[in-house]
Amino acid sequence: MYIQTQFASLLLLAGTSLASQVRKYNFTITSQWSSGDGHGRPVFMINGQSPGPLIEADEGDEIEVFVDNQLAAETTMHWHGIYQIDRPWNDGVPGVTQYSMQPRDTYTYRFTVQQQYGSYFYHGHFGPAFADGMRGPMWIAPAAWRPRPYELISDSSHDVEQMKKAEKHPFHVVISDWNAEPMDILLVMYRDTGIVPWCSNSIVLNGKGRTYCHSAELIESVGGPGRNTLGCLMQPDQELYSNEQVCEATQTDLEIFQAEEGHEWIWINFIHSGAHHELQISVDEHEIVVVAADGEFTYPQRVHAANCNLGERISILVHLNQKPGDYAIRVTSLRQEQVIQGLGILRYPGSSHGAQEAEPPATKPWVHLNGTLISDKLQQMDEMKLAPFPSRPPPPQSDHTLKFFVNMTGTGSWALNIGPHQAFRQQLPPLLWEEDSRGVTTYESDVQGGSMQNGSVVDIIFTNGANVNSQHPFHKHNNKAWVIGTGTGGFPWDTVDEAIQQGGMADSFNFVDPPIRDGCRLGNTTGDWTVIRYDIAFPAASMLHCHMIHHFGAGQQVVLLEGVESMAKIPAEMKDRVHSNFRPPLRYGPLD
């Protein structure tokens with residue numbers, strides 16, 4: 001078993017710096033009409049805004065969020081990337097860790113932010129609520145004792161101090177693709193017809209954006225033929241089942257990142273809470289320095305563009321070393337299904353523009369409209385080289401191995417191994433304490449039948465199945481994991497050790513400095529594989545799922561029971577909450 005000696009030593013080093021306070025927030029969730037990108041539609045709001053309010057805390061603080069559900073439907077709130085160390089019932093997953101909040105119901109989430117820092121976010125976890133606006137940013141300020149990688153960026157003490165100043169005043173931007181219709185409507189259409197909801201109206205930054213209508217010639221030159229006026233690839237029989245999608249340009253406000261006087265660097269946290277599109281981040285005429293991923297410091301990468309997948313966070317520093325003025329921040333889709341780009345504005349201190357002026361500046365981009373770099377001399381972020389700073393190698397061996405074969409098992413049905421995680425399970429008594437709610441998508445043991453005990457190390461091997469040509473951005477609740485290997489051609493071995501000893505695959509794995517994330521990417525091609533390794537540091541019922549909305553909604557989810565032999569007693573008030581007495585339907589499948 002692997003003991004978290006590194007975390008323990010860091011906590012001892014912190015000493016009295018972990019004196020904490022309680023950060024209290026009140027959230028009221030409503031559905032309101034909104035037109036952030038110029039097209040009106042119902043949106044889930046938190047305190048009248050989407051994204052919701054920023055939650056800020058220091059390491060060691062307790063966060064308390066009172067949530068008032070004023071919707072006509074059930075809901076929960078998940079704290080994406082946050083370790084639910086002491087109170088696993090506050091992870092916000094209906095049917096797994098809690099009963100959902102009924103309409104006009106309330107619930108208070110309480111958790112302590114321990115052993116982590118940086119950029120996170122919260123979002124609804126009942127159905128596709130996060131894709132319809134129920135989301136917001138979180139920032140856990142890194143403790144003063146934590147090492148920073150700034151001296152690897154510049155040997156100037158002045159620059160290093162400016163980077164520290166930027167870190168203390170970060171910008172937070174929730175980025176996402178944005179559809180013309182509510183996502184539950186689009187998912188029902190997907191279930192019945194197989195038409196994927198990939199055609200977005202806009203890419204929004206903090207809920208702001210525009211629909212840009214490009215010429216057919218430009219769209220075809222960067223994306224190829226067979227596209228509509230929104231740049232979307234048309235799907236077979238799409239015109240029979242979905243509303244016609246015609247590009248209608250809008251002129252709404254853009255998000256402005258106004259640098260303060262005296263600041264020579266700025267820090268921006270990009271938080272991807274979208275539904276379908278992987279996004280490419282770039283700032284016109286500026287190199288960007290990637291300094292953190294999924295909250296934690298990394299060895300810096302100085303690049304011209306950085307990709308950010310669904311559920312991920314990428315934190316960058318930008319040196320304000322160009323002529324003062326406005327520069328476009330571009331967030332561009334990397335998915336082949338649609339040619340689409342969103343814009344924000346980086347504004348230098350003392351810019352002559354008025355505070356409300358938000359026209360896209362005519363600055364030089366680093367990327368084409370399809371997200372590719374305009375020159376092979378430019379640098380793209382390499383996500384597999386985002387090594388943690390300071391170095392934190394993974395455990396050398398694992399105690400358990402789980403293997404998941406990703407496959408499409410029918411129209412509108414995705415599975416990890418045996419079958420989809422049915423949507424009705426979010427209305428069952430939570431499986432955290434109710435064993436009868438645990439189905440074939442609940443995993444209590446590894447491939448050898450051993451239970452995953454507290455303190456043990458787990459490998460998860462993902463393999464892309466037959467007839468699958470779509471990538472999968474997975475998210476692991478409650479743990480960060482080292483992404484120790486990726487490859488092609490399938491993974492026929494039962495364990496990583498077998499792959500190395502019997503398959504000669506040693507060069508396919510990194511046990512020295514792999515990235516550590518709360519998710520991973522499984523490649524697009526049949527036979528692609530990814531292996532992650534993590535340690536079970538506290539008991540939990542942890543969901544593992546694809547964050548692409550139609551995969552998530554169509555059942556590509558499992559629940560892992562980790563360290564449950566050490567589980568704290570579930571409070572009686574969790575079990576006694578008002579809830580629906582639900583009997584599963586006869587139909588077996590997602591979105592029931």
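First residue shown is number 1, and so on along the chain.
Just so it is clear, glycine is given a Cβ too, placed from its N, Cα and C backbone atoms.
Per Swiss-Prot, the features are as follows:
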- HIS78: Cu cation 1 binding site (BINDING)
- HIS80, HIS123: Cu cation 2 binding site (BINDING)
- HIS125: Cu cation 3 binding site (BINDING)
- HIS475: Cu cation 4 binding site (BINDING)
- 32-142: domain 'Plastocyanin-like 1' (DOMAIN)
- 173-350: domain 'Plastocyanin-like 2' (DOMAIN)
- 445-563: domain 'Plastocyanin-like 3' (DOMAIN)
- ASN26: N-linked glycosylation site (CARBOHYD)
- ASN370: N-linked glycosylation site (CARBOHYD)
- ASN407: N-linked glycosylation site (CARBOHYD)
- ASN454: N-linked glycosylation site (CARBOHYD)
- ASN524: N-linked glycosylation site (CARBOHYD)
- 1-19: signal peptide (SIGNAL)
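Model confidence over the domain 'Plastocyanin-like 3' (445-563) stands at 93, taken as the mean pLDDT rounded to a whole number.
DSSP assigns ASN407 (N-linked glycosylation site) to a strand. Ranking the recorded positions HIS80, ASN407, ASN454, HIS475 by the distance of their Cα atoms from the Cα of the residue listed as 'Cu cation 3 binding site' places HIS80 first. Across the domain 'Plastocyanin-like 1' (32-142), DSSP classifies residues as 7 helix, 51 strand, 53 coil. The residues of the domain 'Plastocyanin-like 3' (445-563), classed with DSSP into helix (H, G, I), strand (E, B) and coil, number 14 helix, 49 strand, 56 coil. Counting neighbouring Cβ atoms within 10 Å of each of the glycosylation sites (ASN370, ASN407, ASN524), the lowest count belongs to ASN524. If you take the CA of HIS78 (Cu cation 1 binding site) and look 10 A around it, the recorded positions you hit from ASN26, HIS123, ASN370, ASN407, HIS475, ASN524 are HIS123. For ASN26 (N-linked glycosylation site), the same-chain residues lying six or more positions away in sequence with a CB closer than 8 A to its CB are ASN47, VAL65, PHE66, ASP68. Contacts of HIS80 (Cu cation 2 binding site) defined by a Cβ separation under 8 A and a same-chain sequence distance of 6+ are given as TYR120, PHE121, TYR122, HIS123, GLY311, HIS475, ASP518, in order along the sequence.
Within 10 Å of the C-beta of the residue listed as 'Cu cation 4 binding site' we count 23 further C-beta atoms, all protein chains included.
For ASN524 (N-linked glycosylation site), the nearest of the glycosylation sites ASN370, ASN407, ASN454 in terms of C-alpha separation is ASN407. The Cβ neighbour count for ASN454 (N-linked glycosylation site), using a 10 Å radius and every protein chain shown, is 17.
Other Cβ atoms within 10 Å of the Cβ of the residue listed as 'Cu cation 3 binding site' number 29 in total over all chains. Annotated pair ASN370 (N-linked glycosylation site) and ASN407 (N-linked glycosylation site), C-alpha to C-alpha distance, rounded: 27 Å. Counting every protein chain shown, the Cβ of HIS78 (Cu cation 1 binding site) has 27 other Cβ atoms within 10 Å. Looking at ASN407 (N-linked glycosylation site) and ASN454 (N-linked glycosylation site), their Cα atoms lie 30 Å from each other.
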